[in-house]
Amino acid sequence: MSDTTPLAAQGAGIGRSGRVALWARGMRRALVPVLTVVAVLVAFWYLACIPMNAGAAVQQAARADIAVSPESAAERRQMGGLALALRNPGVAVAGAFGQERARLPAPHQVAAELWSGVAGQSVTSNRSLVYHAWVTLSATLLGFVFGTGLGIALAVGIVHSRVMDMSVMPWAIVSQTVPIIAIAPMIIVVLYSVGIQGIVPKAIISAYLSFFPVVVGMVKGLRSPDAMQLDLLSTYGASARQVFFKLRLPASMPYLFASLKIGIAASLVGAIVGELPTGASAGLGARLLAGSYYGQTEQIWAALLAATVLAAACVGALGAVERVLLGRMGMRT
Amino acid sequence: MLLVSLALVLWAGAWWMNARLATGPARDSAAVRAAVPLIFGATLLALWELGVRGLDVPMVILPAPSVIAATFAGRLPTLWEDFVQTFLKGALSGYVIGCAAAVAVAIVADRFAFLRRGLLPVGNFMAALPIVGTAPILVMWFGFDWQSKAAVVVVMVFFPMLVNTVAGLADTGSMQRDLMRTYGAGYLQTLVKLRLPAAMPFIFNGLKICTTLALIGAIVAEFFGSPIRGVGFRISTSVGQLALDMVWAEIAVAAIAGTLFYGAIAALEKRVTFWHPSHRS
């Protein structure tokens, strides 16, 4: 069936409902290009492995007494990876995809490391990526809840009080031009010195990163009802409280969810960065740091991929809640 | 105790003054608009100073603003050196390369519908990822100096910029495009005279988001290894020495740099997109 067949055409609905057909059509429109782009990226990754790992591959070959093009090691060290790969194509390609501690591990190596980290260890072991992901995720979620709560409270204040609007809003904007990450190490050390440690300092950094999108989105959302709607409620004699709960709050939901999705991604970044400066022993950030200290590139890439999956899962979960909630409220799904 | 109660009185007084200003007769004048946030900020600083002194908070935990200002003034050459290393060399070069590359890729993606349909979801996905995590890898590849910091910044700003530019290039009405067609304009002319100018509000939105990302990227990359200068390096070593006044001074540098950078882009935006409704008021 071609893309242009109308859903109502004779026989178009046979075997599947219109909803499924729509979904399939949408998937075909989006899926093929997306898969193509992803496939090109992976192919590029494999290709890039050859020059990136050429130095190490050629050196190994030289140690194993295989003839390589510039014979002296000093000369080889001077050359770039691409030039080396071009002069020793066979050796470079043969050694590109299976090295330990490769400069750029091949995708299948990363996938293997990820698989062994997720499925190969018991969940409580500190070599398990599930365990590290949970440590990071718990801080992310706690910080996200703090940040969202603070953001919504500030937004309600800003919408209802002109003083707060004029005095707080500019500083909320300035606060985001400050690279807050810079404060992360200090927050952790200072809180540690007063006896607070573990999840809370990371959550505070997460909260700081996630509150701003929520403030901006919520202010926009709470102000989104137009004058006609507000007038209608005032003709009903509605109090400010009723206007808030029956008009402003429901009207702000689409804006809130758009902000929440940005907020949770920011909050995950905050939790990961929060693990970097103190040399935390658990969490995806700690895995990144340990990997970079010991040159375990596969471990870094696996932690990175795990963080990716985590971010996608969080955003996806929020999207699902959004669809259900807005659907129930009779808004566009 | 006296200082603490003084702080509370000051807070109440400043809030009352702001309330009077914000609801008073001159509420919409430019002076009041500038004064209210400034009074609020100054009050916060005064509260901080009085609170720290009044409650005898140890310097190691929270230095008073006056101490930080003294450190800032006293170690100006070091701070300038760090600023040059992190901001001018790392963040700014990466920002320029990353944004230029993203705009170029966006124009190519916009030309081919297949590429756009494939790149946009991938780009949206990548823009939401914790890209700072690539910092250790890039530091390993490009060495400890500013080149690796610029590389981290390039990767960080690329996707938000790409998504914004592609959205901007799609933001022309069919009427406008039809008009260009009746003029007999080719693809390139339509791009330069209609679609790029129309995309400017989106492009500047991306540029503004990326200013903060650039600074964050450059600073975080320094946590993974750097020469013995740079804002991120100084922060992590000063925290280790519990020299928190120095940390706060570096944070002030980063804040000033970030605000000025953002302000510069915003001012440029105002000049370039003067025709947009949000600037005409």
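Count begins at 1; order follows the chain as displayed.
Every residue, even glycine, has its Cβ placed from backbone N, Cα and C.
These come from TrEMBL:
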TRANSMEM  B:31-48  transmembrane segment
TRANSMEM  B:60-80  transmembrane segment
DOMAIN    B:84-269  domain 'ABC transmembrane type-1'
TRANSMEM  B:92-113  transmembrane segment
TRANSMEM  B:125-144  transmembrane segment
TRANSMEM  B:150-170  transmembrane segment
TRANSMEM  B:202-226  transmembrane segment
TRANSMEM  B:246-268  transmembrane segment
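With a cut-off of 8 Å between Cβ atoms, the residues of this chain six or more beyond the transmembrane segment (B:31-48) that come close are 7, 10-11, 14-15, 17-18, 21-22, 24, 62, 64-65. Sequence-distant contacts of the transmembrane segment (B:202-226), counting only residues of its own chain at least 6 positions beyond either end whose CB sits under 8 Å from a CB of the stretch, comprise 85-87, 90-92, 94-95, 98-99, 102-103, 131-132, 135-136, 138-139, 144-145, 148-150, 152-153, 155-157, 160-161, 163-165, 167-168, 171, 232-233, 235-236, 254, 257-258, 261-262, 265-266, 268-269, 272-273. Here the transmembrane segment (B:150-170) has Cβ contacts under 8 Å with residues 89-91, 93-95, 97-99, 101-103, 105-107, 109-110, 116, 119-120, 123-124, 126-127, 131-132, 134-135, 138-139, 141-142, 195-196, 198-203, 205-207, 209-210, 213-214, 216-218, 220-221 of the same chain, all six or more residues outside its ends.
Panel annotation: around the transmembrane segment (B:125-144), residues 151-152, 155-156, 159-160, 162-163, 216-217, 220-221, 223-227 of the same chain, lying at least six beyond its termini, place a Cβ under 8 Å from a Cβ of the stretch.
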